[in-house]
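S.K.: Got a structure here, written out as structure tokens. Questions coming.
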Amino acid sequence: MKQRLVIGNWKMNGSLADNILWATHFRHGLKSQTLQDVEVAVCPPFPYLQSIRSILPDIVQLGAQDVSSECIGAFTGEISVNMLKELQCRYVIVGHSERRARMGERDADIAEKFKLVSLAGLTPVLCVGETEQERAHGQTRSVISHQIQTVIDRCGAHALRNAVIAYEPVWAIGTGVSAELADIQSTHAVIRAQLSDNGLDADDVTLLYGGSLKPGNSEEIFSLPNVDGGLIGGASLKAADFLDICWAAQTRPPEPEMKSTNNVRYQDF
Ligand SMILES: O=C(CO)COP(=O)(O)O
């Protein structure tokens, strides 16, 4: 079975002190049991990348929440892919719906970012998903298909090999209401069909679900045959919750007593 991937996207949350505490708790929590068949990554805010890297064990990968579509030069406030590489990022999120909506990022900008990330040898995490309105108009498939096709047309299908696509229905993000299992399953199947129409194998691309994924629903979502893991926002902000999601992603589940249902396990740290 394919290794699952669990990525925490902290967005613009926490102070330096909070995030250092999170990483310290997570490191201690990981010691309680070896994670099997799961790759874990966290995407802290840019200024904290280096501090978090220095605390987390090497088995936890670092990711960035965004990247510039330019390589170098007079682009005030931008962060290049080479800078992310220097900071030991392995994953780079591109096209998150919050950036599409609030920063006006278009599919073409996102495809450019995707290209730079893959050329740099890092792994792009392409976020796709429909808004509430698009869903109500029955446009889910066409929206997602366009988001993916723009990247394929700009970068070539081969660029998606070993890449990650995260299906994040916009209406499920931060709402506490995740998509129905059947909808996740069918949308992921549609994405896989599009990838295969473009000459890719089903296993070439890691397909994540994101949107109100939490300890209470992660096990059933990860059990869907087309889901290779999750991209987690709110529930990644508590180390204990994120750890529980990581345990749930294991293909061989942990012993029941190793699972945490609250933060008690961390009181000593
Ligand atoms: O946007 C997300 C991850 O990128 C999902 O956020 P939530 O898990 O808070 O719904």
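Quick reminder: no glycine exception, Cβ is built from N, Cα and C everywhere.
Caution: TrEMBL annotation is automatic and unverified by curators.
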S.K.: Among Ser32, Ser196, Ser212, which is the one TrEMBL gives for the substrate site where Asn9, Trp10, Lys11, Gly174, Gly233, Gly234 also bind?
M.R.: Ser212
S.K.: Sort out for me which one of Asn9, Ser212 has the most neighbouring CB atoms within 10 A, since those are the binding-site residues we care about.
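M.R.: Its Cβ has the most other Cβ atoms within 10 Å: Asn9.
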S.K.: Suppose we screen the binding-site residues Trp10, Lys11, Gly233 by Cβ distance to ligand 1 with a cut-off under 6 Å; which survive, in sequence order?
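M.R.: Checking each Cβ against ligand 1, the ones under 6 Å are Gly233.
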S.K.: Whole-number Å only: compute the distance from the Cα of Lys11 (substrate binding site) to the Cα of Glu168 (active site, proton acceptor).
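M.R.: Cα of Lys11 (substrate binding site) to Cα of Glu168 (active site, proton acceptor) measures 15 Å after rounding.
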S.K.: Could you tally the C-beta atoms, other than its own, that fall within 10 angstroms of the C-beta of Glu168 (active site, proton acceptor)?
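M.R.: Total other Cβ atoms inside 10 Å, all chains included: 27.
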S.K.: Consider the recorded positions Asn9, His96, Gly174, Gly234 and say which one has the Cα lying nearest the Cα of Glu168 (active site, proton acceptor).
M.R.: His96
S.K.: Given the substrate binding site residues Asn9, Trp10, Lys11, Gly174, Ser212, Gly233, Gly234 in the record, what is the largest Cα to Cα distance, rounded to whole Å?
M.R.: 14
